[in-house]
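Novice: Shown below is the structure under consideration.
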Amino acid sequence: MAPAPPPAASFSPSEVQRRLAAGACWVRRGARLYDLSSFVRHHPGGEQLLRARAGQDISADLDGPPHRHSANARRWLEQYYVGELRGEQQGSMENEPVALEETQKTDPAMEPRFKVVDWDKDLVDWRKPLLWQVGHLGEKYDEWVHQPVTRPIRLFHSDLIEGLSKTVWYSVPIIWVPLVLYLSWSYYRTFAQGNVRLFTSFTTEYTVAVPKSMFPGLFMLGTFLWSLIEYLIHRFLFHMKPPSDSYYLIMLHFVMHGQHHKAPFDGSRLVFPPVPASLVIGVFYLCMQLILPEAVGGTVFAGGLLGYVLYDMTHYYLHFGSPHKGSYLYSLKAHHVKHHFAHQKSGFGISTKLWDYCFHTLTPEKPHLKTQ
């Protein structure tokens, strides 16, 4: 028989006030206390919005308006649970049963995502690398991978390979922006020589000269095409559902994108690491050289590479930045947060919502919860 779990810690109002005075951000839900100090900078609504509610009951805020939080967001909150509030005056506790009853009326299909994470009883052993474990989850993988957690992930046993699977955000502009500048300078010089022509691989009679004035347009075309590629990869590759009986396809999905949905605030896994990125970028470059004349394909590629850099930087900012309310980035962040926590089958655009508009995959205005 398993031992009974230890009783929850309890805190008096004066103890909570001391922590608040020291700069901690504690909130409560009924009598349940949560320490959100480490989460405030990640809060989708902004740090100030959360700090303004320090010490308060957030039950009503979870239900909105202006925003009704998803079951995944409520489950995420439980990872910051620290104990119970004791010695509270009766008047301030009168509404607790009502608040708890309302917040628990979630869509039954979403109820499993509301469960608190028990690290010792989870489907995987978090003390070991996850990549070799997830393939055994089978039919449970899809539900498990879309239950986000607050802790970082380790994929590999080898420290070297593990290191290559992670990176800091600023490695992306440091490595790839100089390449964008070099390619742009090199191919513009080629255009300036006046020898660039289209269709030379098919005919010598009907070729079309490409003047250097076309360089900016081709570059911008590459950036625009990247936004479409970004959307298509995210929607059809990253969000494919691997067969439950395929150990290796589940592993592949997890290493490509599942890990990010499992640990959305693992800062070392938010942008594409340079080594695997080099392989993918190299394939794109070769494809452009095969399809188009060298200078034309290279220019489109350079624009696309800049689009990739902007995508990765935008993605990182959407997770860790605090855009001003009402700004485009604020709207984009809300769009992406809903993709992670409520609507994983929509909201595939990262750097722009353009293609979500075009293909009708915008995240709904309301989270996937039935209002009461």
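Just so it is clear, glycine is given a Cβ too, placed from its N, Cα and C backbone atoms.
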Novice: Of the residues H136, H157, H339, only one is listed by Swiss-Prot in the Zn(2+) 1 site with H234, H239, H257, H261. Which is it?
Specialist: H339
Novice: Would you identify which residue of H260, H360 Swiss-Prot lists as part of the Zn(2+) 2 site it also attributes to H315, H319, H336, H340?
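Specialist: The candidate from H260, H360 that Swiss-Prot ties to Zn(2+) 2 along with H315, H319, H336, H340 is H260.
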Novice: About how far apart, in whole Å, are the alpha carbons (Cα) of H340 (Zn(2+) 2 binding site) and H257 (Zn(2+) 1 binding site)?
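Specialist: Cα-Cα, rounded: 12 Å.
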Novice: Using H43 (heme binding site) as the reference point, find which of the binding-site residues H257, H315, H319 has the shortest Cα-to-Cα distance to it.
Specialist: H319
Novice: If one measures from the C-alpha of H239 (Zn(2+) 1 binding site) to the C-alpha of H69 (heme binding site), what distance in angstrom results, rounded to a whole number?
Specialist: 23
Novice: Going along the chain, which residues at least six beyond the ends of the transmembrane segment (168-188) come within the CB cut-off of under 8 Å?
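Specialist: For the transmembrane segment (168-188), the far contacts come to 212, 215, 219, 267-268, 270-274, 281, 294-295, 298-299, 301-302, 305-306, 308-309, 312-313, 316.
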Novice: Please name the residue among the binding-site residues H43, H261, H336 whose C-beta has the most neighbouring C-beta atoms within 10 angstroms.
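Specialist: When each Cβ's neighbours within 10 Å are tallied, H336 tops the list.
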Novice: Among all protein chains shown, how many Cβ atoms are found within 10 Å of the Cβ of H234 (Zn(2+) 1 binding site), not counting that one?
Specialist: 18
